[in-house]
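In what follows, a structure is listed as structure tokens, so that the remarks can point back to it.
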Amino acid sequence: MPPIPSRARVYAEVNPSRPREYWDYEAHMIEWGQIDDYQLVRKLGRGKYSEVFEGFKMSTDEKVVVKILKPVKKKKIKREIKILENLRGGTNIITLLDVVKDPISRTPALIFEHVNNSDFKQLYQTLSDYDIRYYLYELLKALDFCHSQGIMHRDVKPHNVMIDAEKRELRLIDWGLAEFYHPRQDYNVRVASRYFKGPELLVDYQCYDYSLDMWSLGCMLASMIFRKEPFFHGHDNYDQLVRIAKVLGTDELYEYIARYHIDLDPRFNDILGRHSRKRWERFIHAENQHLVTPEALDFLDKLLRYDHAERLTAQEAMGHEYFRPVVEAHARANGTEQADGQGASNSASSQSSDAKIDGA
């Protein structure tokens, strides 16, 4: 019996209601800029699909980041470019400035705005309770914006969240795994990085949606408030689900699987065992207690849910009590009345409705 499909609780109809050229990235015609206008300065890092350099635009002396793509299918390159173009100007989304092609290797390179990033492994150890709330609220602005534009990021993790600690600015980067959401569509489960993979990916449930990003955000929140990086530390994709089950419980996992008629890989029979759901309070210790509040645990509990349809949406998350101090500070800075704890989002109006499961 096939799994029961599900549908996003919000923004489900964004792409079906837009012209085909908005989401049909395979038909997208790339407009190539002039590579001679850019000079590389130093290598910043490398990923599975690219090498990243700091550079500058010679005509303006403007600092830029240059992402040189490794040979991958043209379809994947077009998808990343189309998504970045669609999201250009969105709150806290890295800005794509230009697309150029190396004349010798024929390799495409993406030119981005420069962000003076702080290394997250050092930065996260110094963040106060308020800082964590502040930066997660900024990240939620980016997530609600991309979701409102019909796009799932599918690789939310600290490495893809650039923070300029001096300017207190945040950018969500690396849209190479991002995809357009279409209701009832099956997607590849080989996305996201292991420690941030939602249970839906680990049980091979393909009909997922934007809520995948909210699980990853929950993993980031847990690692930040408990000072445990990463929070779920699996040795492989199978062990990753075991680590989650040891915290969220195995009974709850089996309920989720039954609800969606998911067939669990037989390999889990030997390794899952039986585990009770743990209270979040058990992860508090002397070094992290200043970061853990009742509202932080309530917020975390509403993100780290097996059932993707039960997780808070980005817009709901922004309205959570956890962000009240941030919203109040925003309101004071803007000289407006305090917005009773509701996070104002710059997205399209929420199409929120009850969680839907077809045929349930």
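Note: Cβ is positioned from N, Cα and C throughout, glycine not excepted.
Long-range Cβ neighbours of Asp155 (active site, proton acceptor) (same chain, at least 6 residues apart, Cβ-Cβ under 8 Å): Asp174, Gly176, Leu177, Ala178, Val191, Ala192, Ser193, Phe196, Ser216. Taken from Swiss-Prot, the feature active site, proton acceptor covers Asp155, and the record attributes it to sequence analysis.
Here Swiss-Prot flags Leu44, Gly45, Arg46, Gly47, Lys48, Tyr49, Ser50, Glu51, Val52, Lys67 as ATP binding site. The number of other Cβ atoms within 10 Å of the Cβ belonging to Arg46 (ATP binding site), over all protein chains shown, comes to 12.
Summarising the annotation, Swiss-Prot assigns compositional bias 'Low complexity' to 338-354.
For 38-323, the entry in Swiss-Prot reads domain 'Protein kinase'. Averaged across the domain 'Protein kinase' (38-323), the predicted model reaches a pLDDT of 97.
Under the heading region 'Disordered', Swiss-Prot lists 334-360.
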Greatest Cα separation in angstrom, residues Leu44, Gly45, Arg46, Gly47, Lys48, Tyr49, Ser50, Glu51, Val52, Lys67 binding ATP per the record, works out to 14
Are there residues of the same chain, six or more positions away from Ser50 (ATP binding site), whose CB falls under 8 angstroms from its CB, and which are they?
-> Lys67, Ile68, Leu69, Lys70, Gly176
Check the binding-site residues Leu44, Val52 for other C-beta atoms within 10 angstroms of each C-beta and report the one with the most.
-> Val52
Under a three-state reduction of DSSP output, how is Lys48 (ATP binding site) classified: helix, strand, or coil?
-> coil
Would you list, in sequence order, the residues of this chain other than Leu44, Gly45, Arg46, Gly47, Lys48, Tyr49, Ser50, Glu51, Val52, Lys67 that have their CB within 8 A of the centroid of the site's CB atoms, where the site is the one recorded for ATP?
-> Ile68
